[in-house]
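For reference, the structure is listed below as C-alpha cells.
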Amino acid sequence: MFNWVKTAMLMAAITALFIVIGGMIGGSRGMTIALLIALGMNFFSYWFSDKMVLRMYNAQEVDETTAPQFYRMVRELATRANLPMPRVYLIDESQPNAFATGRNPEHAAVAATTGILRVLSEREMRGVMAHELAHVKHRDILISTISATMAGAISALANFAMFFGGRDENGRPANPIAGIAVALLAPIAGALIQMAISRAREFEADRGGAQISGDPQALASALDKIHRYASGIPFQTAEEHPATAQMMIMNPLSGGGLQNLFSTHPATEERIARLMEMARTGRFD
C-alpha cells in the first residue's frame, strides 16, 4: 500500500512540475495549455504506446505453433496469476532482456529477446515471465508510460522556456536567469521522479513475480545471469530509444556515469538480496 501511495505522490509531482513550467512560459494560460497537452499526450500513450514500442523493437508475435514451450509457459503463469492470456512476442536481439506492455491486463503483451531464451534455464525463464506478468497485474505499464511521457515533455518544455523565454502573470517577460535555471533543473527533477517511480515498481514486480511463480530464487538467479551477460552485449534499439529502457527487466543501456546515476532500475544486488530473503523466509510482504 505504501508503494502505491508513494507512486501516486510522485505522479502528482511530475504532473505539477510540467504545469509549473507551462506557467513560467505563458502565465496562467500557459499552465492551462500545459495541462491540456499533458492530458492529450497521456491519452495517446494510453491507447497506442504498446503498438509503438512493439513496432520499434520489430517484435514478432508467436503462438503455440511457432514457440510452443515459451507460449505454454506464459499461459501457465497467466493462469496462476488469474490474468487473461497476453499476446506473446519475440525480439531478435542477442542481449538477454524482456518487458511487458499494454494499457491494461485485457490488452497486455509480453516480449522477450531471443538472447534471454538462449541464456536462461526454463526455471529462470519462468521467474522472468512471472515478473513481467506482475507488471501487468499491477498495471505498471500505464504508470511507466505516463511517467516517461511526462518526463520527456518536461524536458521539451524546459528547452522551449530557455530559448524563447517566459511570461509572468501580467504578460511581462519573466526573469531570464530564473528561466534558464528552471530549464536546466526541471529535466533533472523530472528524471529523478521518473526514476523513483520506476524503481519502486520494479521491486513490486519482483515481489509479485515471486508470488506468481512461487520460486523467488529462480528470479534471483535469472537477474544475476542477465546482469552479467547484458553488460557486455549492446542493445541497439534500446540505445536509440533510451526512454523505453525503464520497461525492461534489466537496464539495457551500456552507458556509464550520469546514465547509471539516473538509472530507472534498482541495483541488481539489492533486488537479488530481497528475493533471496523471500526464498529464505517464505514471506512475500
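Heads up, residue numbers simply count up from 1 along the chain you see.
Cβ coordinates are placed from backbone N, Cα and C, and glycine is handled just like the others.
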**OP:** May I ask you to find which of Glu61, Glu64, Glu202, Glu239 Swiss-Prot records for the Zn(2+) site already listed with His131, His135?
**Re:** Glu202
**OP:** For the recorded Zn(2+) site, whose residues are His131, His135, Glu202, find every other residue on that chain with a C-beta no more than 8 angstroms from the centre of their C-beta atoms, and list them by sequence position.
**Re:** Ala100, Glu132, Ala134, Asp140, Arg201, Glu204, Ala205, Asp206, Gly208, Gly209, Ile249
**OP:** Would you count the other CB atoms within 10 A of the CB of Glu202 (Zn(2+) binding site), including those on all shown protein chains?
**Re:** 22
Subject >> Other CB atoms, at most 10 A from the CB of His135 (Zn(2+) binding site) >> reply: 26
**OP:** Enumerate same-chain residues with a sequence separation of six or more from His131 (Zn(2+) binding site) and a Cβ-Cβ distance below 8 A; give 'none' if the list is empty.
**Re:** Ala98, Ala205, Asp206, Gly208, Gly209, Leu219, Ile249
Subject >> Neighbour tally for Glu132 (active site), based on other Cβ positions within 10 Å of its Cβ >> reply: 29
Subject >> Length of the line joining the Cα atoms of Glu202 (Zn(2+) binding site) and Glu132 (active site), in Å >> reply: 10
